[in-house]
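Taken straight from TrEMBL:
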- CYS109: active site, nucleophile (ACT_SITE)
- ASP2, ASP29, ASP59: S-adenosyl-L-methionine binding site (BINDING)
- 1-201: domain 'SAM-dependent MTase RsmB/NOP-type' (DOMAIN)
Amino acid sequence: MDKIASKVAKVRQKAEIWKLQCIKAFCFDGTKAVSRDHTALVTDEPPFPPESFDKILLDAPCSGLGQRPSMACLWTLREVTSYQPLQRKLFSVAVELLRPGGTLVYSTCSVTLAENEEQVAWALRTFPHLRLQPQDPHLGAGGMPGAGLSEEHLKLLQRFSPMCCAKETNSITGDAILTSDLVNLANKDTMGFFIAKFKKL
């Protein structure tokens with residue numbers, strides 16, 4: 001679901017090329033994706049009744065400050081900081097659409113604390129029935145401190161960014177690759193992005 005028609009058209013086009021019958025793409029505002037009409041019939045298009053989904057990927061609109069070469073853009077501070085409120089609206093809708101026991105993955109292609117770890121801290125405070133979950137595989141670095149998350153919470157997050165690369169060389173012995181080496185290599189040549197996985201109790 002995306003409110004930008006060209007993005008939805010691309011998804012539909014790719015699904016058709018690959019002959020994927022399991023994909024439905026909707027041009028719709030995600031902040032309005034929950035149906036408030038309790039008498040309405042259940043349909044397979046938005047808006048959806050609460051608790052309609054077992055799994056939700058919220059690839060949130062973001063500043064894109066992890067993308068290269070977008071760092072050269074001439075944005076104002078107001079534009080860069082405008083994404084956090086929208087991300088929270090979309091996140092709130094996603095939580096409402098998720099069934100108990102379901103999984104919600106929050107993702108951005110940004111490297112800012114405000115759009116990533118601060119959003120996770122806000123979500124855990126706002127929705128006490130959400131719990132951060134381990135991710136498999138876990139190749140990215142952990143979360144960045146500064147948003148009030150515990151060390152355990154930071155370990156459950158994945159942050160990919162050349163800034164996360166702590167050393168220049170990797171220690172590979174024969175065919176055995178250490179997890180620390182994988183993290184190091186994954187963060188060496190990547191655009192910046194962030195992943196948090198939640199479970200709704």
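Glycine is no exception: its Cβ is also placed from the backbone N, Cα and C atoms.
Long-range neighbours of the residue listed as 'active site, nucleophile' (same chain, six or more residues apart, CB within less than 8 Å of its CB): CYS62, GLY64, GLY66, GLN67, MET191, GLY192, PHE193, PHE194. The Cβ of ASP29 (S-adenosyl-L-methionine binding site) lies under 8 Å from the Cβ of LYS3, each of these being in the same chain and 6 or more residues away along the sequence. Minimal Cβ crowding within 10 Å, among the binding-site residues ASP2, ASP59, is found at ASP59. Summed and averaged per residue, pLDDT over the domain 'SAM-dependent MTase RsmB/NOP-type' (1-201) gives 88. Within 8 Å of the centroid of the Cβ atoms of ASP2, ASP29, ASP59, where the record puts S-adenosyl-L-methionine, the same chain has further Cβ atoms from MET1, LYS3, ILE4, LYS7, PHE28, GLY30, PRO61, LEU90. Largest Cα to Cα distance within the recorded S-adenosyl-L-methionine binders ASP2, ASP29, ASP59: about 14 Å as a whole number.
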